[in-house]
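Novice: In case it's useful when we look at the structure, here is the feature table from Swiss-Prot:
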- E37, Q45, Y50, V90, F124, D286, T327: FAD binding site (BINDING)
Amino acid sequence: MQEQKDMFDLTIIGGGPAGLFAAFYAGMRKMKVKVIESMPQLGGQLSALYPDKYIYDVAGFPKVKAQDLVDQLTAQAQQFQPEIVLEEAVQTLEKQEDETFVLTTDANIHYTKAVLITAGAGAFAPRKLQVEKADFYEDKNIHYFIRDLSAFTGKRVVVIGGGDSAVDWALMLEPIAKEVTLVHRRDAFRAHEHSVDLLKKSSVRILTPYETAELHGDENGVTAVTFSEVKGDQTETIAVDDVIVNFGFVSTLGPIKEWGLEIRKNAIPVNTKMETNIPGVYAAGDVSTYDGKIKLIATGFGEAPTAVNNAKVYIDPTARAFPGHSTSLF
C-alpha cells in the first residue's frame, strides 16, 4: 500500500454527476481537490449502466445522453485540474487529532482537511432474472446493462420490467430494432407519466400482466421466451434475438456504514449545510438524505455547491460561504 502524503483541502468520494460538479465548484473556490472513484471511469451509474440513454430532466438540456453529460461535467471539472483517482474504493475514514482526515483505500492512504461523500447509491448490482438457465445466457444475449444501443439494430428485442428504465429502453429501441416487446408482471407501469404516454402511442408491443416462465435457446443464447399470465392460464412464447432485464438494482453503502456516520435507510442524513454528524464530513447527491429529499441529478447539482461552500468555511473560517456569482469569478 502506498501513502499519498500530499494534504488536500477537499477529497470527494464518488465521481458521479454530483461529485464532478462539486470538483468544479471546489476548484472555483480555489480549493485543492481530489476525487476518488471506485469504478474504472468517472460518471457513476450514468457511465456504468446507461451511457447511451437520454436524460430529460437536467436544466438547460431538452435531452442529453448520459455519457455526453458525464463528458461535459468532466471537462468542466478539469478546468481546475483536480487529482482524479480511479479504481480505488475507500475502506476507512479516520479523523485525526489535528481535525484532518485519513482515508484508506484498497491501494493507498490519502490525507485531506474535509471530505465530501457523493457515492450515489453505493455499490450496486442488478436484480437478476430468476428463471432456470438465466445465468447461463447472461454472457450471451440476456442483458442487465446497455452500453451500445446500436448493437440492437434490426433485432427482435424483449424488454422485461415496468419501471423507468424498462420503458425508456423500449422507447429508445423502437426506432432501430426490428420489433420491441415490453413485458411487465403488473397492468400499470411505474415509469414517469409522460414516458408511459409515449409508450402507449409507440409501436412497442405491451404484454401485461405476464411474467417469465421459461427460456428456450442453445449454446449461442436465448432464441425464445415463454411468458405466463400472472393470474391466469394463458402463456405466450416470443422469438427473440436479445432480452433486456430491468428489475432495478440492489445497492449497499458497504464500508461507509463503518465510518461512524449516522445512516438512515441506506443514506446519510445531512442538515441544510449538507453536514453529516461528523464535523468536516459532508454528503451530497443520492447518498444524502433529509426531509423532503428528491433523488434527482438536478438535486445533486444544487447540493454540491452548498456542501463545497460550507466545507470551504470549515477549513478556512475567514472565508465567505457565498463567494459571489461565477460571472464575477472568472
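In case you wondered, yes, glycine gets a Cβ from its N, Cα and C as well.
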Novice: How many other Cβ atoms sit within 10 Å of the Cβ of D286 (FAD binding site)?
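Specialist: So the Cβ neighbour count for D286 (FAD binding site) comes to 27.
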Novice: Y50 (FAD binding site) has how many other Cβ neighbours within 10 Å of its own Cβ?
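Specialist: Y50 (FAD binding site) is surrounded by 21 other Cβ atoms within 10 Å.
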Novice: Helix, strand or coil at T327 (FAD binding site), per DSSP?
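Specialist: Assignment for T327 (FAD binding site) reads helix.
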Novice: List the same-chain residues at least 6 positions away in sequence whose Cβ sits under 8 Å from the Cβ of F124 (FAD binding site), in sequence order, or say none.
Specialist: Q45, F249, V250, S251, T252
Novice: Three states by DSSP: which one describes Y50 (FAD binding site)?
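Specialist: Y50 (FAD binding site) sits in coil per DSSP, no helix or strand.
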Novice: Just checking a number: largest C-alpha distance across E37, Q45, Y50, V90, F124, D286, T327 for the FAD site, rounded to a whole Å.
Specialist: 38
Novice: Using Cβ atoms only, which residues of the same chain lie under 8 Å from E37 (FAD binding site) while being at least 6 residues apart in sequence?
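Specialist: For E37 (FAD binding site), the qualifying residues are G14, G15, G19, G44, I84, V85, L86, E87, E88.
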Novice: Using DSSP reduced to three states, classify E37 (FAD binding site) as helix, strand or coil.
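Specialist: Looking at the DSSP assignment, E37 (FAD binding site) belongs to a strand.
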Novice: Sorted by position, what residues of the same chain at least six away from T327 (FAD binding site) have a C-beta under 8 A from it?
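Specialist: Long-range Cβ contacts: none.
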